[in-house]
Amino acid sequence: MGSRGLPPLLLVLLNCYTSSSTQVIAIPAAATPAVTKEDLNSTKATPTTLQPSLSPRTPGTPRAPERSGPRPTPVTDVAALCVCDLLPAQCDVNCCCDPDCSPADFSIFSACSVPVVTGDRQFCSQKAAFYSMNLTADPPHRDFKLIDQINPSVFCIHISNYKPALSFANPEVPDENNFDRLMQTSGGFTLSAESAVPSTAASDGPQPTKYEYGAPLQTAGASSGSFLKLPSPLTSSLCADQNPAAFLVSQAFECSRRVDIEQCEGMEALSMAHYSSPAILRVPNSMTQVSIKIQSVMYRSLNHTLTQLEGHGVLRPSLVSTGQDRLCSNVVLQVKYSLLYTATGQIHEAGLSLVLGTLSSAVSLLQQKFEIHFIQHGTKPVPLSGNPGYRVGLPLAAGFQPQKGSGIIQTTNRQGQFTILRSTSQQDCLASEGLRTPVLFGYNVQSGCQLRLTGTIPCGLLAQKVQDLLRGQAFPDYVAAFGNSRAQDVQDWVPVHFVTYSSNMKGSCQLPVALAIEVKWTKYGSLLNPQARIVNVTAQLVSVPEPLPGPERTVVISTAVTFVDVSAPAEAGFRAPPTINARLPFSFFFPFV
């Protein structure tokens, strides 16, 4: 009997058995016939193979991995890259990858300036173009090879076929034609004085436990908003009330405000309570509040006289009528905050100083001043003699250096850092011992006294006594070059040159009689706002032979301070005239040189 096909019922049972079975049958790859394009398009019947069908897969059976297709074509063609092609539509000398060069140009090349051109070295496999010159051939010609390079690194890029990712996209510049379309795609924009970030977003991260430099000062209460406001001018001279005060940023602003005299009682910016009512948070996002204490209130009248108000409360603007004119009193003119902070970044105390005044109906623009200063708690502010240059009439900042490389040590008494002998009505040097006067910048001073001598005082002891009288207890070694020079910045201090002058008489006792101090200073900075800077300090101690012996002798002791301006005359600065910096091409004289 010839072979017959299986009965239809048996085939159905076999299919049901294989679809419900959980056994996985591995089929060798060699037994799987290769499927070509012709097989897929063919309409001929193929012989039936007695094996389980893989198309009906149960949910628990893993899918066989699919074979990946061919690699995409790289978007970067290294054969078309040329980094030495600088001249457009011209052949660059010794640039073997220049597409503008012909075989005749290659024949006169001496070498290839760029022998290897590669793409991104982070790829696992990349093309590399090698260029070389065959100078032994006649005529010389260029050799080109394109090879594959393998990156041995484990972390490498397999393939990159997304061309837009290889360069930055040019943003579309808004104009009158595409502005509406860009507004629709971007979703528009909003301007709001308050932060649009939800309050829940701030609670996700760790809460700050201190204020950092430049952080806005947070306040409690809805009347003043979230931050302490310090009005300031923005694009114009008008006051903008949404400027937050920043931690450790001392600022001073002056701006104008449009005022309607009939509405002055209802304007918060003119009320004293608007600036004293906010409570500053000791640290950000805390429950501890620091109230603002009113330290002083000055009242300025219409004729600009100032009067300090005592025992006052919170004054509010009040509109009064005086004949045909209407006045608004208790209007805030100046606001000054003084904040004490600790080294841990906390607000310790807040003070407020105000200047109130009267506003007339003839004034439509009100000038207001706002200041804020930060002072560290537990430290006393050091008075300065200028910022940065010296101011006339302020004492010189001086001190001494205990050892080389250390900072300058100053006394806490600013008036006693650099002093000279003070003249008294008695003109007695011994009676005026210990009385000193500070050296003030810009003031030429001369002082003196009389010393009555007797024959019982030895000359050596007397000379030391007079020298101590002229120099004082602590004569400084350094003087600050600027009025705000810091003690740790030794380069900003000028040494005091102490010179002693005495007669040439041998065998005689030299008695100091005069101390001449010369301070040379110059104008530093811009001509519009020059700053006084000390450049040299010289102290000359003049000694003379002891007077002839006698029952009673009188010696005049004097001290002089002179300030000398050594500023160079101002010269106008001009820009240097332009010069021609032309260079010939590298092969200009080729082949002669």
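Cβ from N, Cα, C; glycine included.
What Swiss-Prot records for this protein:
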type: SIGNAL; residues: 1-22; note: signal peptide
type: REGION; residues: 37-72; note: region 'Disordered'
type: CARBOHYD; residues: N41; note: N-linked glycosylation site
type: COMPBIAS; residues: 42-58; note: compositional bias 'Polar residues'
type: CARBOHYD; residues: N303; note: N-linked glycosylation site
type: MOD_RES; residues: R486; note: omega-N-methylarginine
type: CARBOHYD; residues: N536; note: N-linked glycosylation site
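On the backbone, the CA of N536 (N-linked glycosylation site) and the CA of R486 (omega-N-methylarginine) stand 18 Å apart.
Remark: of the glycosylation sites N303, N536, the most isolated position is N303 (fewest other Cβ atoms within 10 Å of its Cβ). Taking the Cα atom of each, the residue listed as 'omega-N-methylarginine' and N303 (N-linked glycosylation site) are about 42 angstrom apart.
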